[in-house]
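Record features (Swiss-Prot):
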BINDING   Cys61, Cys66, Cys72, Ser300  [4Fe-4S] cluster 1 binding site
BINDING   Cys87, Cys91, Cys94  [4Fe-4S] cluster 2 binding site
COMPBIAS  16-28  compositional bias 'Basic and acidic residues'
DOMAIN    73-289  domain 'Radical SAM core'
REGION    1-28  region 'Disordered'
Amino acid sequence: MVVLVDTVSSTPVRPRHPEKAARPDALSPKKPDWIRVRAPTTRGYGETRSIVKENGLVTVCEEAGCPNIGECWDKKHATFMIMGDTCTRACAFCNVKTGMPGALDPNEPAYVAEATRKLGLEHLVITSVDRDDLADGGAAHFAATIRAVREACPTTTIEILTPDFLRKDGALEVVVAAKPDVFNHNLETVPSRYLSVRPGARYFHSIRLLQRVKELDPTLFTKSGIMVGLGEERHEVLQVMDDLRSAEVDFLTIGQYLQPTRKHHAVMRYVTPDEFGGYAKTAYAKGFLMVSASPMTRSSHHAGDDFAKLRAARAALAR
């Protein structure tokens, strides 16, 4: 279980997810020495949190209980989660709450743009909850947010981490037309684990979505990630790599799954740093331009630095 101690806020911890309350506790093995969580105590963390709250924004850093929040917020790096804090799905790994979301805030794109300006972000990551209740899955809102940031901060590069827009015809085209710099959509786990880990999604739909992004705009960088430690086998991880490369995905992230609460999916195994290194080496050999694989790797961790490396890798390949 990941425990983050917020020494800045006195806000009580949110109760356990009501939709998971009837589940038996899932016990995970003790965390090994290589799993370390930095407590968020710095001035930079406090300043970032103030800007987020002043603009009435939600971050995936907080909602998902990200273990890297102390490091990232100290550097004034935050990943904004648009369209509310309530998801229409109930994935077994995710700490974001589930329920019926409220109406979209039409001012949210402007608030995100203003927070981006105040934080001085050179690279912005925008993600969202799943909004299966909306006709377009929130695609137009994503596009509006990208455009608002472009107008307010024209030099800021933009990375988006989207839901799968399952059964939302035309939604992907709307988002791609807004021209983010990086389009990220995470597979989260191997196909055999979808029923227990990500039951509301479809593995090959996600692969096709990433492939379609490249068809719509070959200049966009595409990115995807998975968690390990959920019961997958090594050969399954390698097959995911092959599937992503068949969709011409540029950037792969692999990180250790950490259990948010005992009502979430248990950690089946802690993958060693050496194994992560092996995955990275294999992924590069399969043709990915950029790979980040480590116990604490998360989609948005070091996203700005990684984007610079990704762009340099493409430029080197074109020479």
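Placement of Cβ uses the backbone N, Cα and C atoms for every residue, glycine included.
Cys94 ([4Fe-4S] cluster 2 binding site) sits 16 Å from Ser300 ([4Fe-4S] cluster 1 binding site), taking the Cα positions as reference.
Report note: the [4Fe-4S] cluster 2 site is defined by Cys87, Cys91, Cys94, and the residues of the same chain whose CB lies within 8 Å of the CB centroid of those residues, excluding them, are Arg89, Ala90, Phe93, Asn95, Val96, Thr98, Val129, Asp130.
DSSP classifies Cys91 ([4Fe-4S] cluster 2 binding site) as coil under the three-state reduction. Cα to Cα, Ser300 ([4Fe-4S] cluster 1 binding site) and Cys87 ([4Fe-4S] cluster 2 binding site) are separated by 19 Å.
When Cβ atoms from all protein chains are considered, those within 10 Å of Cys91 ([4Fe-4S] cluster 2 binding site) total 20, not counting its own. Restricting the average to the domain 'Radical SAM core' (73-289) gives a pLDDT of 95. Within the same chain, the residues at least 6 positions away from Cys87 ([4Fe-4S] cluster 2 binding site) whose Cβ sits under 8 Å from its Cβ are Cys94, Val96, Lys97, Thr98, Gly99, Pro101, Val129, Asp130, listed in sequence order. Each of the binding-site residues Cys94, Ser300 was scored by how many other Cβ atoms lie within 10 Å of its Cβ, and the smallest score goes to Cys94.
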